[in-house]
Amino acid sequence: MASSLKKLITSFLLFFFYTIIVASSEPSCRRYKSIISFGDSIADTGNYLHLSDVNHPPQAAFLPYGETFFSVPTGRDSDGRLIIDFIAEFLGLPYVPPYFGSQNVSFEQGVNFAVYGATALDRAFFIEKGIVSDFTNVSLSVQLNTFKQILPTLCASSSRDCREMLGDSLILMGESGGNDYNYPFFEDKSINEIKELTPLIIKAISDAIVDLIDLGGKTFLVPGSFPVGCSAAYLTLFQTAKEKDYDPLTGCLPWLNDFGKHHDEQLKTEIRRLRKLYPHVNIMYADYYNSLYRLYQKPTKYGFKNRPLAACCGVGGQYNFTIGEECGYEGVGYCQNPSEYINWDGYHITEAAHQKMAHGILNGPYATPAFNWSCLDAASVDNESSFGS
């Protein structure tokens, strides 16, 4: 009898502790009060526009950039909204303002340090390697240091202390690292040379996350890479007459997409390591690759043209893209219906594609672990219906 009772108590305790462990491993629902963003053009809401020489403004300073939603150029590298904009809409927050160049703007509900052309690794690294990366010197570490410098000011304008403010924020870490690969690829470096950068890039992203955790960050969304083998720029740069070099379903270049997967696998491994070190922090992996690649696999299912590899805005060649005659330059045309296209300017994607990606990340299955929206009211969650699926 005593033995049976002992077994029963032991079983109960095991079940009890298992329940606690499982519950603690699942992300709790949070009502985020702000978005803090780092990265490159994938998330840049206007920083590069303000950092540029006024006599040599970037292409995103001109129409048709911004025409679909904002009706004017905002510095976003798309015809309209980006993933970060759709995340802000879903959370009921204002669009995240760029830090650089903003005047009389409140950063209490968000601030964005992402800059077009930015790298995860510092500019000095590329100079030493003989790789040109002269779009900007605002690398991930520079963005983070800028954030640290202004953090006391951000906290002073809020009723919350600094750790509480970061704890209530969704911290978007990019995409970061894409340009670290773009520059050497466009200088015709070998793929083995470029692969050597991956551990360094992953470490730079990881170090930034750890710094932000030390400051009080509790929720991170860490994007992986894009399937660049489907971008008009890469398809043009590495165009070949060999049919076997292309994916028969999508028309993309598999070897380039495999490189993106190589990066993502290492990033996911590092995120798993960080989760073990910081079990109280929710570090979500955003699968940008598959969230976008599905659109290339079944374009008509998602409202896009069949085989939508050509850029909407551009000129020349099979993919409507020519280096030196890109979107935003005088005389370069653009399509009448950007919502039917995935590729926008050869490097970036359209608002319609961003919208589909954002839906897949916020509502699954492209965030790991998935967001928990159980504490939001039904009306808030219903807002996702505007994303499409």
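Each Cβ is built from the backbone N, Cα and C atoms, and glycine gets one as well.
A quick note: this is a predicted structure, and the numbers were derived from the prediction, not measured.
Quick look at what Swiss-Prot annotates:
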- 1-25: signal peptide (SIGNAL)
- SER41: active site, nucleophile (ACT_SITE)
- ASN104: N-linked glycosylation site (CARBOHYD)
- ASN137: N-linked glycosylation site (CARBOHYD)
- ASN320: N-linked glycosylation site (CARBOHYD)
- ASP345: active site (ACT_SITE)
- HIS348: active site (ACT_SITE)
- ASN372: N-linked glycosylation site (CARBOHYD)
- ASN383: N-linked glycosylation site (CARBOHYD)
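Sorting the recorded positions SER41, ASN104, ASN137 by the number of other Cβ atoms within 10 Å puts SER41 first. Annotation: SER41 are the recorded positions among SER41, ASN104, ASN137, ASN320, ASN372 whose CA atoms are within 10 angstroms of the CA of HIS348 (active site). When the recorded positions ASN104, ASN137, ASP345 are screened for a Cα within 10 A of the Cα of ASN320 (N-linked glycosylation site), the ones that qualify are ASP345. For ASP345 (active site), the nearest neighbour among the listed recorded positions (SER41, ASN104, ASN137, ASN372), judged by C-alpha distance, is SER41. Of all the glycosylation sites listed here (ASN320, ASN372), it is ASN372 whose C-beta has the fewest other C-beta atoms within 10 angstroms. All chains included, 26 other C-beta atoms sit within 10 angstroms of the C-beta of HIS348 (active site).
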